[in-house]
Amino acid sequence: MSKYLVPVCASISLVAVFGALVAMHSIVVDIDTMREEIVTGVHDMKVMSDDAWNRMIGFTKPSLDSESRSAAFASVFRNKRSAYPSQCNCDANSQGCPPGPPGPPGLPGGRGDQGPSGDKGRDGASGVSLAVTHHLPGGCIQCPQGPPGETGPDGDIGEPGFPGASGSAGQCGEDGAPGEAGITGEQGPQGEPGTEGSEGPTGQDGTIGGPGLPGQPGTPGWPGSQGEPGKNGDSGVDGEQGPQGPQGPDGQPGRDADNGQPGLPGKDGSIGPDANYCPCPARAKKH
């Protein structure tokens, strides 16, 4: 049991580390996405604020010169009443001064006659509403029409139209140039055998070729039938006498031989000296 504990714990730790890495990657991606959204929002806010400021400055440029800008800004940002003196003391210094700011509006006048209808107004530029409202002398300033905007994105694909009338047949085109040789295709299926052709003319005799290389040994043939007995050969020459062989072992004792024929009578012996009488031996019997 203990030998399986270490691999199991190591596998669990590896899975946990892998899950932590995946979660960390997801968090980093979310933070990066949020950062891009914040940067984009700040950039859009800066563009909107710059556009609003340029519009505020542009309202005063067409109708006011450089000498009366202070008066225009004075109408936008009004000074406090305590900044002016209690008495007018501008008689001696009023020579060559620019015109002052417009005075307060008068009492409402009577209703005038109905005027003619005005021309159709120009399309306003798309943008954001100004955060600062102010009163400009002479009412709204007629700004010139701006340059054409950028081309908008392509619209959605419209519904298919009705099929058009068939066009007239066009002129026949010229034959195209022959194309390059294509890749050799795979071998097609075997066709059916053709009809037997007519016998061709007799060919010329071929030249005798040189001797060919020796062929490989053939397989052994079947054993043939037994042949007729051959003629007796000539008698061989007697061989030389060989050396004497070793003495053989003693043979078995032979049987007793037959008695031979009686021998011839012997000659009489000489007379011996006298001695004791000795009888003569008996004669042998004849078989």
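Yeah, the Cβs are placed from backbone N, Cα and C, and that goes for glycine too.
For reference, Swiss-Prot has these:
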type: SIGNAL; residues: 1-19; note: signal peptide
type: REGION; residues: 95-287; note: region 'Disordered'
type: COMPBIAS; residues: 98-107; note: compositional bias 'Pro residues'
type: DOMAIN; residues: 145-200; note: domain 'Collagen-like 1'
type: COMPBIAS; residues: 206-215; note: compositional bias 'Gly residues'
type: DOMAIN; residues: 215-273; note: domain 'Collagen-like 2'
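Note: the compositional bias 'Pro residues' (98-107) comprises 0 helix, 0 strand, 10 coil (DSSP; helix = H, G, I, strand = E, B). For the compositional bias 'Gly residues' (206-215), the DSSP counts in helix, strand and coil order read 0 helix, 0 strand, 10 coil. Listed by sequence, the residues of this chain that lie at least six past the ends of the signal peptide (1-19) yet keep a Cβ under 8 A from its Cβ atoms amount to none.
Per-residue pLDDT, averaged across the domain 'Collagen-like 1' (145-200), gives 80. Taken through DSSP, the domain 'Collagen-like 1' (145-200) splits into 0 helix, 0 strand, 56 coil.
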